[in-house]
Structures are given as C-alpha cells and as structure tokens.
Amino acid sequence: MSTTTENIVQVETSDEETPLLKQQRPKGRTPLPKLQIGIVLLLQVCEPLCSQSIYPYINELVSTLDIVQGDEKKVGYYAGLIESLFFATEAMTVLQWSRMSDRIGRKPVLLLGLVGTILSILCFGLSRSFWTLVVSRCLCGLLNGNIGVMKSAMGELTDPTNRAEAFALLPVVWAAGASFGPLLGGSLSRPADRFPQSVFAGQFWKDYPYFLPCLATATYTALTFVVTAIWLKESIPQKIKHSRKRVTSDASDITVTDRSPAEADEDDNAPLPLRSVLTFPVVISILNYVTLAFLNISVNALLPLFFHMPVAMGGLDLDPVVIGYIMSLYGAGSGLFQIVLFSPLVRGYGVRKTFLLSVSTFVPVFMTFPLMSLVAKYCGVGWIVWSLLGMVLGLLFLMDTAYGCIFMFVTASAPNKRSLGATNGLSQTTVSAARAIGPALSTSLYSFSIEYNVLGGYGVYAVLATLSLGALLLAVQLPHKLWGEEDADEVGDSEGDGGALKN
C-alpha cells in the first residue's frame, strides 16, 4: 500500500482578509431586491424630511422668541445653533448605533431610530422656548443613528454588479425628502393665520403655530416604521460556520480536522477593531465625504437665512411660504437631475471626475450670493435676482451628484463585510460633526459679517469660497478607480449601464 502523501487541501471560507469589492463577480448583473431596497429608501427619506422641514420657518420662529430682543442681526447665531444641534448630538452616538447593528442586526436599530425621530420631532413642534427647542433637537440626534445603518444595509443588499445602480438612488431619495420637507414646513406653518378658521380655530394652533408641519413629518415616519417592522428583512446574513479542513490522503488513511463551532462562530461575528478599519482608502474617502457635507450643509443653512433677512442686511426679505417653495424646488430639481443625468455623467467621465466636477460648483455658488444681494439693493428683487438664483440652484443640482460618487468610494473602501457597519458608522460620525459645525459657522459668519461690516457684509462668502478651494485639493487625492475594482472597465463594458462604473 502506497504511503505517498498527497497534496494538502485547505478550504477557507472566511472573508477576514478579503476586501469588500474584491469578491468573485457574477457574470451577469444581479437584479436588485426591489422591495428591500425600496424600504431602505423610504427610511432614507425620513432624515431630510424631518431635518429640513424646519428651514422655511426656523428664522421666523427664532425672531418670535424672546432671545434676540428684536435684533434681526442676531437671528443667524441662534438659528444656526438649532440647525446644528441635531448633527452635533448625532455625531456622539451614530458610531455606537452602527457598531451595535453589526452585532444585533440592522432592523432593530433602524426601528429604534424611527421611534426616536417621531418623539423628537413632535417635541420640537410643541416647544415654546429656546431651550425646549434645543432639547428636542438634541434628542433627535441622540436617538437616531439610522443614516449610517441604512448605507450598511444597502451595501449588504447589493453586489459589485448592481451597487452603482442602487447607490445612485440615494441622492435622488434624499432630494425627494429635501423637496417635500421644506414644502411641508413652509405650507403648513401658522395654520391658524393661513387656513380656514373652521378647521384651525382652536387656541392650540395659535399657541403652537409650527406643530402641524412637525405632525405631518412624524406621521410619515410612523408609517415608515410600520412598513419596516412588517416587511424589512434582516440584511446581515445568518451566522455561517466556517470550517477549515485539512485532508491528508494516502492509500489507507484520510484525516479531517475542523475548528470547533465556538471558534468558528467567534471568528465570524467579531467586528474588526477600529484601528484595523482606519486604512488609507477609508480615511481619504471619509475626508472627502466630510468636506462635501460641510460645504453642502453650509449652503443649505445660508439659503433660508439669506432669503429671510432684510435687503438692507444682505438678504432678499422673502416670506416663509416663498422660502419653502424655493427650497422645495431645490430638492425636486436635484432629484430629477440625478435621475436623468447621474448615470450619463458617471459613464462619460467616471466616478472620480464626476465628483471633482460636482465639488467645483461650490466656489461659483458662494460668489453669486453677494452678487444677488447687490442687485437686490440697487435694482430690487426682480428678474435679475431670480435669474441668478436659478443659476445657483442649477449649480447645486450638479453638486448633489457628488453624494452618489462618494457613497461608492466609502463602500468600496471597507476592508471586508464585517467592517462595513463600522466604516459607515465612522464616516457618519465625522460627517455629522461637520454638519453640526456647518450651519452654526455659516449663519454666525453671516451675522458677524453684517454686524461688523466685514468686506461690506460679505465676508462669510469669501471664507466659504476659500474652503471650497481646499475641498478641491482634497478631492484630487481620490484614486482613478474604486478600490477593489481593478476589472471595472471590463465589467462595465460587458454589463452595460447597470454594471460597474468605468473610470
């Protein structure tokens, strides 16, 4: 009997050292799980709907509270602080929520976040003092870690053949929420003054003039909770028992050795430590996401303040209803732009070049604000101002395409599947911190520039335009291809529009 030892065969199914996007690609494009993706997108709407519904009336609300004492120049300080609090407190807990979702699953964390959003937005509508506004916004941020968890779920519901198609929907859905949020906030505020007295005749609506838009957004969130609880499936796969088999064969003996179930289970479910997640691809992707979010939230906070302030103080002196319509147009136009032009831009220029093109819009956007103000002061708010505003909105439509691109960079940078939640949680933590600083800084700079006549009252735009140039310098550090997509060109050529993106 021969005693020659045959080759040793090892079977290793762990993905511990396998980058997320370097897995074996299917030959054809995998169909998207439409129901599950649709529910995740419904969840995505909740944050912009709740956070941006306050923009049309927040400056008027601050003016009516006894904190600025009739000094309109100070409105920006307090309005920016309230807008920032959600993101500041979200930054404190979003990483913990995301890492918890790695352990207990995405669905429980998402449901808890929805409950926190409902309670906090209702408290905001019932607030009658500055400090109750502060507490309600803080609760909203502390109890809501859904934005990072949703992106993790989206990554788990897709693969490299359909991920671009799915992630292209995220900025579209965000734009839908950013459209309906301001529309609800502007249209439903002060119902006792604007709607039939037979419906809103009670003293309640006079005492709480901004509760109705909060109730509307909370109702949508409650319906989303029901849909999520019933139909959303857990996106984290069931625990897989990894085995490593050593087969030693000769003519008379076969030996098979397995890891114990406890060892396999522990190895499969232990998330990577944060120090292992902080690789260069993760860091550079997150830094670009942070600068994009900071500049974008700064524009979003400046727009309603610029519309609200008197013409003599560098604004346009518009009514909250008109402000709501403009902000809603911004959201709707951005969503339509993503649907029609996002894929052609990415196919024609690649993910990196599209991102660079989008980020480059910030400089002309910030420099157009003082131009609109000067025209309004000397010529009135006429067709020239509206034309310039239309140009700004068009540039912002293009700017929003950067989100679909950077989401793909962040997802591709994750070292493996088990680190996806931590990667998205880390990115959302830093982005939330940037979004906390952005509104407070930009609106405070606006008020400071007006109060102390910095560059004729336009110092805020010079600062933000300079920071925009820095964002461009950071954007060029991104690679020409997504990490793990060495064969992206070949896959894209064979799979058409829905395949991996070409760079």
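Note: Cβ is positioned from N, Cα and C throughout, glycine not excepted.
Automatic prediction, not curation, is the source of TrEMBL annotations.
Straight from TrEMBL, the features:
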REGION    1-27  region 'Disordered'
COMPBIAS  1-12  compositional bias 'Polar residues'
DOMAIN    36-483  domain 'Major facilitator superfamily (MFS) profile'
TRANSMEM  75-97  transmembrane segment
TRANSMEM  109-127  transmembrane segment
TRANSMEM  166-188  transmembrane segment
TRANSMEM  208-232  transmembrane segment
TRANSMEM  277-302  transmembrane segment
TRANSMEM  322-342  transmembrane segment
TRANSMEM  354-372  transmembrane segment
TRANSMEM  384-410  transmembrane segment
TRANSMEM  455-476  transmembrane segment
Practice problem: Count the CB pairs under 8 A between the transmembrane segment (322-342) and each of 75-97, 109-127, 166-188, 277-302, 384-410, then give me the winner. | Solution: 166-188
Practice problem: Go through the chain and flag residues at least 6 beyond the ends of the transmembrane segment (208-232) whose CB is under 8 A from any CB in it; none is fine as an answer. | Solution: 35-36, 39-40, 42-43, 45-46, 49-50, 53-54, 57, 61, 107, 110-111, 114-115, 117-118, 121-122, 124-126, 128, 181, 184-185, 187-193
Practice problem: Note the mean pLDDT of the domain 'Major facilitator superfamily (MFS) profile' (36-483), expressed as a whole number. | Solution: 82
